[in-house]
């Protein structure tokens, strides 16, 4: 939430004498100030609930949001789990002989891992553009899940390395629908104050999915040799079929847009639409910047490129997830034990992620959380490089998934808060972070060789962590300087506006927060 100032004589700074004292508002007052400002300027209140008291409307809203959560979040969460389980299955299959069966070298396996992103990265933006044009985006997402489940299951039929490459590219294309589509879909239902918590819940589902994937892989690989089918082939068959089933079930229950959702009562539909339109009146509703114009503004803003660079470093750190079963295998346990040992680090990551999200939401804190995660990451990578002793190395592995997720979600929050206006620029910035930052998943795939030390991989991600720390600290210094200008004279405020702050934000006393 941006920080505002409240003037004692009037709510608008242009009507305030220069000698009037300025008193900072608390977060609750800021929210009320924005709510009142938007309610007066945006969509008129529908007749169906105009005569309700504020308490009655809040009670209706609470019941409506709970109903939305009970249907939308479980479906999205399960699909997110399957999205990661299907994507990470190849890493688990290495433990059970896919390289021998397909005559693959270590470089071939790295190529098979990285080539998924050749389809995944470039198709995210086009998929979201298509999604904005379809009338039933929920069905679009669930249909994509059915397709990527079928593609994942086809991996079991691969007879050569080249067959595997083709399937992996297609898997990347079909899975590209989910993540950006999920954010777009949720933003059509939840307000800004609600959306962050729902995204946090989904990232927790991601961690559970990674942990769940280890248990599923261990179970499926016990079928090794059944009906003459290798264990790794069973893994892809079972996970693919489960994804298809989840996608088909989700399509039956997933609501579409609030205005025509059978999930809601007529009065709830009107209220769900009105509250989103009322919120959009704070900035997005009267936006006159085109999509292309917003993309150009994002390209020319150094703050966006700073976020892209940091996301690239964060994604490089997160590349460990793509090879996690292989890394855990260096502890020397058997195949089943290796896959089971991959689960606890992800469960810990889910707990850590909930904790840092709670702290960030309550205290408007981002930079300290990022730096704390990166500090722990340095400890984890140094341990992994320095020793092969099982206790120390597994401690490092327990920490790795946790320290990768926290900084990335804080970057998403930073961009959405610090570059909130104009709206097309923010949307373009998020897309650039996902697509360009995600390229790190390609080149880092070739670093995981020379087991069990993996000096190249751990040394590189250690360097990326340090680069991340330096860059985000420079960004902190920059936004603090901008805040001083925004709180200064009109001339200093005009200077700050050259960095992308709008006149409306200056009028509202907006500040870069969290840093």
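Note: Cβ is positioned from N, Cα and C throughout, glycine not excepted.
Residues or ranges marked as region 'Disordered' in TrEMBL: 1-28.
What TrEMBL lists as transmembrane segment is 68-85 (among others).
According to TrEMBL, the feature domain 'Major facilitator superfamily (MFS) profile' maps to 72-484.
What TrEMBL lists as transmembrane segment is 105-125 (among others).
Feature annotation from TrEMBL assigns transmembrane segment to 137-158 (among others).
Here TrEMBL flags 164-187 (among others) as transmembrane segment.
If you look up TrEMBL, you'll see 199-219 (among others) marked as transmembrane segment. For the transmembrane segment (199-219), the list of distant contacts is 73, 76-78, 80-85, 88-89, 92-93, 182-183, 186, 235, 238-239, 321, 324-325, 336, 339-347, 349-350, 353-354, 357, 361, 401, 405, 409, 412: same-chain residues at least six beyond its ends, Cβ to Cβ under 8 Å.
The feature transmembrane segment is assigned by TrEMBL to 231-254 (among others). Within the chain carrying the transmembrane segment (231-254), a Cβ under 8 angstroms from the stretch's Cβ atoms is held by residues 71-72, 75, 78-79, 82, 85-86, 89, 92-93, 96-98, 101, 138-139, 141-146, 148-156, 216-217, 220-225, all 6 or more beyond its ends.
For 304-327 (among others), the entry in TrEMBL reads transmembrane segment.
Remote same-chain residues near the transmembrane segment (339-359) are listed as 92, 95, 196-197, 200, 203-204, 207-215, 217-218, 221, 324-325, 328, 331, 333, 365, 369, 373, 394, 397-402, 405-406, 409-410 (criterion: CB distance under 8 Å, separation of at least six residues from the stretch ends). What TrEMBL lists as transmembrane segment is 339-359 (among others).
Proximity of distant same-chain residues to the transmembrane segment (366-388), defined by a Cβ-Cβ separation under 8 Å and at least 6 residues beyond the stretch ends, is recorded for 317, 330, 356, 359-360, 395-397, 399-400, 402-404, 406-407, 410-411, 413-414, 452-455, 458-459, 461-462, 465-466, 468-469, 472-473, 476, 513-515. Feature annotation from TrEMBL assigns transmembrane segment to 366-388 (among others).
Annotated transmembrane segment per TrEMBL: 394-415 (among others), in sequence order.
Within the chain carrying the transmembrane segment (427-448), a Cβ under 8 angstroms from the stretch's Cβ atoms is held by residues 107, 110-111, 113-114, 117-118, 120-122, 124-125, 128, 179-180, 183, 291, 294-295, 297-299, 301, 304, 307-316, 318-319, 322-323, 326-327, 411-412, 415-416, 419, 454, 456-457, 460-461, 464, all 6 or more beyond its ends. Here TrEMBL flags 427-448 (among others) as transmembrane segment.
For 454-475 (among others), the entry in TrEMBL reads transmembrane segment. Remote same-chain residues near the transmembrane segment (454-475) are listed as 303, 306, 309-310, 313-314, 316-317, 319-320, 323, 327, 330, 367, 370-371, 374, 377-378, 381-382, 384-385, 407, 440, 444, 447-448, 515 (criterion: CB distance under 8 Å, separation of at least six residues from the stretch ends).
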